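K.L.:
Mind having a look at this structure? Questions to follow.
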Amino acid sequence: LKQSKQPLESCRNRCNETFSEELSYCSCDNKCTERKACCWDYQDICVLPTQSWSCNKLRCGEKRMANVLCSCSEDCLTKKDCCTDYKSICKRETSWLKDQCASSSASQCPEGFDQSPLILFSMDGFRAEYLETWDTLMPNINKLKTCGTHAKYMRAVYPTKTFVNHYTIVTGLYAETHGIIDNNMYDVKLNQNFSLSGSNMRNAAWWGGQPIWHTASYQGLKAATYFWPGSEVKINGSYPTIYKVYNKSTPFEARVMEVLKWLDLPKAKRPDFSTLYIEEPDTTGHKFGPVSGQVIKSLQMADRTLGMLMEGLKQRNLHNCVNLILLADHGMEAISCNRLEYMTDYFNTVDFFMYEGAAPRIRSKNVPKDFYTFDSEAIVKKLTCRKPKQHFKAYLAKDLPKRLHFANNIRIDKVNLMVDRQWLAVRNKKYKYCSGGTHGYDNEFKSMEAIFLAHGPGFKEKTEVTSFENIEVYNLMCDLLKLKPAPNNGTHGSLNHLLKNPFYNPSPAKEQSPPLYCLFGPVPSPDVSGCKCSSITDLEAVNQRLNLIDQAKMQSEADNLPYGRPHVLQHSKYCLLHQTKYISAYSQDILMPLWNSYTISKSLVKPTSAPPSASDCLRLDVRIPTVQSQTCSNYQPDLAITPGFLYPPDFSSSGPEQYDALITSNIVPMYKEFARLWNYFHSTLLPKYATERNGLNVISGPIFDYNYDGHFDPYDTIDQYVNNTKIPIPTHYFVVLTSCENSTKTPLNCPPGSLKVLSFILPHRPDNSESCADKSPDNLWVEERMQTHTARVRDVELLTGLDFYSALKQPLSETLRLKTFLPIFINSVN
């Protein structure tokens, strides 16, 4: 008997077939919907593949057809156009998400991959707190975090804006160095404005530094960018090997598929380095604010995008071959139209141009004509201490906290406002962009913290590291690609602890100037110095205390320099002066110490009576020739400066020890108002910190940065700023406090790798208007001011030409990690 033909009831392998009357009951041509005659699975089999980037059981083994986004056909692996989940859906292989964490000491790369490719993936505006709070809703990102290396957070550079930080990540440069100081700016030398929507954005004159795609190409590698600020600009005359012109409407999935296709290219064309960028969760965070259901959905979208990338890598057997860095440029903060500071509340007429928002700047509106003559100081003065609860502080760029590295560029307008969290500063009440969320604030704010996760054969597994700055990522990427980095602001080797086998081993800085000898000499005549000290009854005995024998000097160094003598990396004439309780490096060039170092215990015992003050008891140091010494007569009343002590005399419990500190080699020039801060810090805060931390090693000294470039001024530059006195006035003072992470240990017996540091770079100014402190008790403002001006030890080194921790018995990369640490003080919403 002849078998009857089974009726067709599916569109499988029939999509876009020619219409047939015989099959009119179950059609799969492109007009069947109009006739309402499609097979039941027409939508899933024929339509969905043109809209979906995923396989499903119905699609597995499908017949090839045009216009599909990706294929689930049997030959898709050969054709290299499979959907990324083809193997897990159609071949029942374990998905990357369900795989166990890989554990291998070596790269697992397929044939043809001699070196692990590197992918840099940015999720714009992904603040670190999102991952802490919503990790269970982001399984792919959470797995990457669990299996690879991640930081608690990565600190953005200031201002915490998109273009600024993306370009910092690929150059290792601060905004002031690479020139992209904001998403909007003016350059008086170019007489041009820069904006994200303007044509000038593609003018290479705006873009400084060497982005990593150029570093790679200059050293024989290939680089591809799927959207990245700067990648479509002809920087230094060239583009990346492959790049895409930005188009925000391009689906995230299309971006991932293209990056994966780059990895399918023949070796001769395949990029060694690729970037991938998506706008979420930033776009949604701006619209709805960081704490919103919409942001959670955008995070899940971002998570699926990562999952698609990892599935695609696994399908190519590259998931344990590729090194992947997943990061963000900045965080996100909630804003409200009820939290606006209007310039019209401070000025009768707002006769200037203002970049409004979370990181405002002010300049002349008539440029270039009035650019240089604009009275910035008058603007700052009118914006200072005007309201009891003012939600911003106005700074001249040169007075901003040094940790921001935001002064040394003509594009940085002189007037800058540091705005409180969740507030905006704007011109007037016409401002409308004040709902939802924004960013740009101080990079120490928790809400501005960004994510950093890394996975691949180059990175350690299941490792959490402490926070670091995004200027360090460029060097890290160069190490993964075995490249020599271009000059940058990062500290090369400080992220070695992220890597299984670090490529670069840092070398100790070479000292330029070893100390000279200052010999104990005859007592100079008091008439020469103008100094007096009537309370000293036996001057010879007091001076003889400064003539320590070698054994006493060694003991002083053990007590006061437990981590080694700071090395001097500039040409300088100085000598070490040993006292029982402190050591100083006295400079013959600037007539004051380069640094003083001492250690105080948890139970600092102060004298029952206050020691004599500098005004009534100060004498010349007999170890310093008179012509190389400060004198009391240098401090004339009309100079508004007073001698301040680097080592406080009242830190010595006995009278004779106090006289060891009442010498001209221990004094530095201070404005009287600054001395308020300095004295309160030493009398109240230092003992408190010493109690909390079981003792402290303290190193402090002057800084000279008159050209505010973040680096120490040469002595001939300093000489230009000495007026009516032979004493140069420091622009800042630094303090470096070192203790032990384990509070049962003291700074003197702390084991290697366990040190904890807290550093400050304090602007030396003649008033305390920054804190509105003229009539305020010191306890209400000093500590907050100091926290504002916290800094990395590395910042102190750059500004002083010193090299700290020279004798630590640990790998240098661990010391660099300590030097690049920036302490954070959690700021409440004001």
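Placement of Cβ uses the backbone N, Cα and C atoms for every residue, glycine included.
What Swiss-Prot lists as disulfide bond is Cys15-Cys46, Cys26-Cys28, Cys55-Cys72, Cys70-Cys72, Cys70-Cys83, Cys83-Cys90, Cys101-Cys147, Cys109-Cys321, Cys385-Cys772, Cys518-Cys575, Cys531-Cys632, Cys533-Cys617 (among others). Annotated N-linked glycosylation site per Swiss-Prot: Asn16, Asn193, Asn236, Asn247, Asn489, Asn723, Asn742, in sequence order. The annotation domain 'SMB 2' is assigned in Swiss-Prot to 51-95. The divalent metal cation 1 binding site feature in Swiss-Prot is assigned to Asp282, His286, His439.
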K.L.:
From the Cα of Cys385 (disulfide bond) across to the Cα of Cys26 (disulfide bond), what is the distance in angstrom?
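P.N.:
Rounded to a whole number, the Cα-Cα distance is 79 Å.
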K.L.:
What is the total of other Cβ atoms whose distance to the Cβ of Cys772 (disulfide bond) is within 10 Å?
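P.N.:
Taking every protein chain into account, the count is 17.
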K.L.:
On average, what pLDDT score does this prediction assign to the domain 'SMB 2' (51-95)?
P.N.:
93
K.L.:
Quick one: which of these recorded positions, Cys28, Cys109, Asp282, Cys531, Cys632, have their CA within 10 A of Cys15 (disulfide bond)?
P.N.:
Cys28
K.L.:
DSSP on Asn193 (N-linked glycosylation site), three-state: which is it?
P.N.:
strand
K.L.:
What recorded positions in the list Asn16, Cys83, Cys90, Asn193, Cys385, Asn742 lie within 10 angstroms of Cys46 (disulfide bond), counting C-alpha atoms?
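P.N.:
Cα filter at 10 Å returns Asn16.
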K.L.:
For Cys518 (disulfide bond) and His439 (divalent metal cation 1 binding site), what Cα-Cα distance in Å is obtained after rounding to a whole number?
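P.N.:
Per the Cα atoms, Cys518 (disulfide bond) and His439 (divalent metal cation 1 binding site) stand 54 Å apart.
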K.L.:
Relative to the Cα of Cys147 (disulfide bond), which of the recorded positions Asn16, Cys617, Asn742 has the closest Cα?
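P.N.:
Closest recorded candidate to Cys147 (disulfide bond) by Cα: Asn742.
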K.L.:
Between the Cα atoms of Cys385 (disulfide bond) and His439 (divalent metal cation 1 binding site), find the distance and write it as a whole number of Å.
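P.N.:
Cα-Cα, rounded: 25 Å.
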K.L.:
Can you tell which of the recorded positions Cys28, Cys70, Asn236, Asp282, His439 lies nearest to Cys531 (disulfide bond) in space, using Cα positions?
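P.N.:
Closest recorded candidate to Cys531 (disulfide bond) by Cα: His439.
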